[in-house]
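Asker: Under the heading active site, proton acceptor, TrEMBL lists E122. Sequence annotations record features per position, and here TrEMBL assigns ATP binding site to G152, G153, S154, A155, Q156.
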Amino acid sequence: MLDAGSTGSRIHVYKFNYCKSRPELEDEVFEQIKPGLSHFDSDAIGAARSLDYLMEIALLNVPPSLRTCTPVSVKATAGLRLLGEEKSTQILKEVRNRLVTKYPFPLAKEKDPVAVMEGRDEGVFAWITVNYLLGVLGNNGTKSAGTFDLGGGSAQIVFEPSFDSNGDTSSNHFLSESSASSSQVNDFKHKFSYNKIDYKLYQHSYLGYGLMSAREKMIKKIVEDHSESGKSEVSHPCFPPAFNKIVKSHKDESSIKVVGTKVNKSPLKSAPEVEVEGEGEGTTGSFEQCLSVAKSILKTSDTCHIKPCSFSGVYQPDFSETFETNPFYIFSYFYDRTDPFKLGSEFKLKDIRNLAQKVCSHDTTLFTSPEEIKELESEKHYCLDLAYMYGLLKYGINIDDNRALKTTRKINDAETGWCLGAALSLISEGGYCSA
């Protein structure tokens, strides 16, 4: 399974034992490369050739006798979605051609084995992966885990809501199949069966709200807010003093220098809301200011046509009421940005806020670990990233500060993410060979 992501491409080579009623994962080989296919833009042939290293990994790990019956599937995510249909179609055409002409693996027997994957499928496959690895999928009477996958270009949330029998509006919308509002809500549902157990999931993919996309939006927000001032330099509250970046204004194509902020020596005290006036060294950054920028791009005040909503006017069953006690796994960039600071595999949302407050002080003396200090000095986006993550969880999908969260890169030695779920789907359709 080839994952053509927005920031890189990855391969997962799976080995299953299918001698029982359900497939058992015996082994996974994982490798990744950068950049992703979208980096090649109009160089479709170069994009296709970039996958050669990963396909060599497949050749090394699949026995020669099984190569002609081991299917390969390529699923591209937000990076190619955002690139545009014409360029992405040409890239995928060249990828398909290279796989067919250069490698012995057959293309998977599915509708389109080399394609841009729908965001809803990406989210649901990730949900299947996590619940399969936890041993929950297909086991009646066990609580399923929810998932929130923060990629580079998009973010996917999936959970199995439960409703009281009080007939509230949220319940009526989600459970009913007949009303006009229920018809619109159907876009957020995913129903399937596994091991004779039926699941009705809430799912949504937020294209343009992955971490890399959010970075661009949060920088653009400050630049656009101050483009009419005529100043050539703008101070951004999310960045440390050493940061600077030249950005083009979308309004008049002028070049504006985005710089960091002074160190705040009292980061844990409640700071007042302050508008950033682009005063360079005269502006002190804070978590509250950076969070304000994050909240502005989430569009939490957009009209909610079918209540309740998360952000950008998107329908979502009330998280605290319909998914109060089930495990909730946040991963991908959620894991990558919290793991260096030893939050552990389980923490509360307020722990992300507390970490972000320290990081957004831009004062490394608050950190005692040399590894943490080195990480902060090498990556200047940590304040922005953590403020966005907190805002996305708190004000985007409306999670309480005391809500328990779980994060991990692997469960039972297998990678989280959508790839295993997609592979299991192929197996269920007979997409495998016998050893």
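Count begins at 1; order follows the chain as displayed.
Positions of Cβ are set from backbone N, Cα and C atoms, glycine also.
A TrEMBL annotation is a machine prediction, not a hand-curated record.
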Asker: Per 10 Å Cβ neighbour count, which of the binding-site residues S154, Q156 ranks highest?
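Answerer: Going through S154, Q156 one by one, the largest Cβ count within 10 Å is at Q156.
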Asker: Translate the DSSP assignment of Q156 (ATP binding site) into the three-state scheme.
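Answerer: Assignment for Q156 (ATP binding site) reads strand.
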Asker: Would you say which of the binding-site residues G152, G153 has the most Cβ atoms within 10 Å of its own Cβ?
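Answerer: Neighbour-count leader: G153.
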Asker: Please report the Cα separation of A155 (ATP binding site) and E122 (active site, proton acceptor) in Å, rounded to an integer.
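Answerer: Between the Cα atoms of A155 (ATP binding site) and E122 (active site, proton acceptor), the distance comes to 9 Å.
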Asker: Express the distance between the Cα positions of G153 (ATP binding site) and the residue listed as 'active site, proton acceptor' as a whole number of Å.
Answerer: 12
Asker: Quick check for the class: what is the C-alpha distance, in angstrom and rounded, between G152 (ATP binding site) and E122 (active site, proton acceptor)?
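Answerer: Cα to Cα, G152 (ATP binding site) and E122 (active site, proton acceptor) are separated by 13 Å.
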Asker: Quick one: what's DSSP say for the residue listed as 'active site, proton acceptor', helix, strand or coil?
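Answerer: DSSP call for the residue listed as 'active site, proton acceptor': helix.
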Asker: Excluding G152, G153, S154, A155, Q156, which residues of the same chain place their Cβ within 8 Å of the centroid of the Cβ atoms of the recorded ATP site?
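Answerer: My list of surrounding residues reads S6, T77, A78, G119, E122, D149, L150, G151, S205, Y206, L207, Y209, G210, L211, S213.
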Asker: Measuring CB to CB from the residue listed as 'active site, proton acceptor', give everything in the same chain under 8 Å that is also at least six residues away in sequence.
Answerer: K75, T77, D149, S154, Q156, S205, W418
Asker: Please report the number of other Cβ atoms within 10 Å of the Cβ of A155 (ATP binding site).
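Answerer: Looking across every protein chain shown, the total is 31.
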